[in-house]
Amino acid sequence: MITVLRIGHRPFRDKRITTHVALVARAFGASSIYIDTRDDELENTVKKVVDNFGGSFEVKTGIEWKSFMKKFHGTKVNLTMYGEPIEKRIDEIKSGDDILVLVGAEKVPIDAYLIADYNISVTNQPHSEVAALAIFLDRYFDGKELEKSYEGKINVVPMNHGKLVKYIPDEDQCLMILKSENADDLIIRHVETVYKVAMRMADCIPCDRRLVAAGALLHDIGRTKTNNIDHAIAGAEILKKKNIDDRIVRIVERHTGAGITSEEAQKLGLPVKDYVPETIEEKIVAHADNLVSMDRIINLKQLMDKYENKNLHDAALRIKKLHEELSSICGRDLDDITKDL
């Protein structure tokens, strides 16, 4: 674990550069940054980045740096142009478990040099502390830190030309998206009830709750265009155009019943491919939708009767199987966990 300690921070002068130090620390593999001077605005900026882009990076300001450095259990490294070349000591530093990396803003006190186990330079020429931290972390992790993936609300899609960002909207943003597509009260009431059922399932089934929440609220957005069997496909197309995360798009596309097979899709006049839910989030949203009629929660028997009355025997069996699968993972019958909603 690598902790970055930033000392000499002056909020009126260093806010931008210290923010960059924090962002580099997060992006290049450190787990946290501690800053000596209290700066709530800087803390909130970094926390917002973590919230939007993912990860578990920690930031805290207002730390008494000297006592923090002395009490740190691990290897203490002071990055300075006056230190030994990084190539000479990096293997020794790697042998430690927890590493504290000190990055100074203004002139670093001599005490920091004396407390540090290593005074390390990436070059003995004047340079930016942001660059020094990036190079140190890259040498420490041998470039593997750049392979780390993050699951956030905002996900950058690598492009050769242009730029593309996919979003995981929160609950309020989902409702705004629905209203922007002129969803009526019937749709809103229905998806809000499906959301309640889906999130109750998510309480006992390991899953990505962000995807379940967004998928549940957006699953019927296609009904703003059509109420036919192709409304799920229409909804997926709407969300694609809005750069919504592909995992949510697939939840919406595959939410009908317990899914539609490619053979059934062909008979129904849909683009021929499988629309059967695969991920646990897709299954949760699909079945939460099954258990809601308009804005009323129903049980499995009522659901099965509805399908059997329409002579949809195969679809009814798939729904029953999906109900049993999710109930098994939950450890309780889903009818039991939703009856008090």
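Backbone N, Cα and C define each Cβ position, glycine as well.
Bear in mind that the values here come from a model prediction, so they are computed numbers and not experimental data.
What Swiss-Prot annotates here:
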| type | residues | note |
| --- | --- | --- |
| BINDING | Leu79, Gly104, Ala105, Glu106, Lys107, Val108 | S-adenosyl-L-methionine binding site |
| DOMAIN | 187-294 | domain 'HD' |
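Each residue of the domain 'HD' (187-294) gets a DSSP state, and the totals for helix, strand and coil are 69 helix, 7 strand, 32 coil.
A simple way to gauge crowding: the CB of Val108 (S-adenosyl-L-methionine binding site) has 21 other CB atoms within 10 angstroms, across all the protein chains here.
There are 19 other CB atoms within 10 A of the CB of Ala105 (S-adenosyl-L-methionine binding site), with all protein chains counted. The S-adenosyl-L-methionine site is set by Leu79, Gly104, Ala105, Glu106, Lys107, Val108; from the centre of their CB atoms, other residues of the chain with a CB within 8 Å are Ile7, Gly8, Thr80, Val103, Ala112, Glu129.
Least crowded of the binding-site residues (Gly104, Glu106, Lys107), judged by neighbouring Cβ atoms within 10 Å of its own Cβ: Lys107. The binding residues for S-adenosyl-L-methionine are recorded as Leu79, Gly104, Ala105, Glu106, Lys107, Val108; their greatest pairwise CA distance is 13 Å.
Counted within 10 Å of its Cβ, the other Cβ atoms near Leu79 (S-adenosyl-L-methionine binding site) come to 23, all protein chains included.
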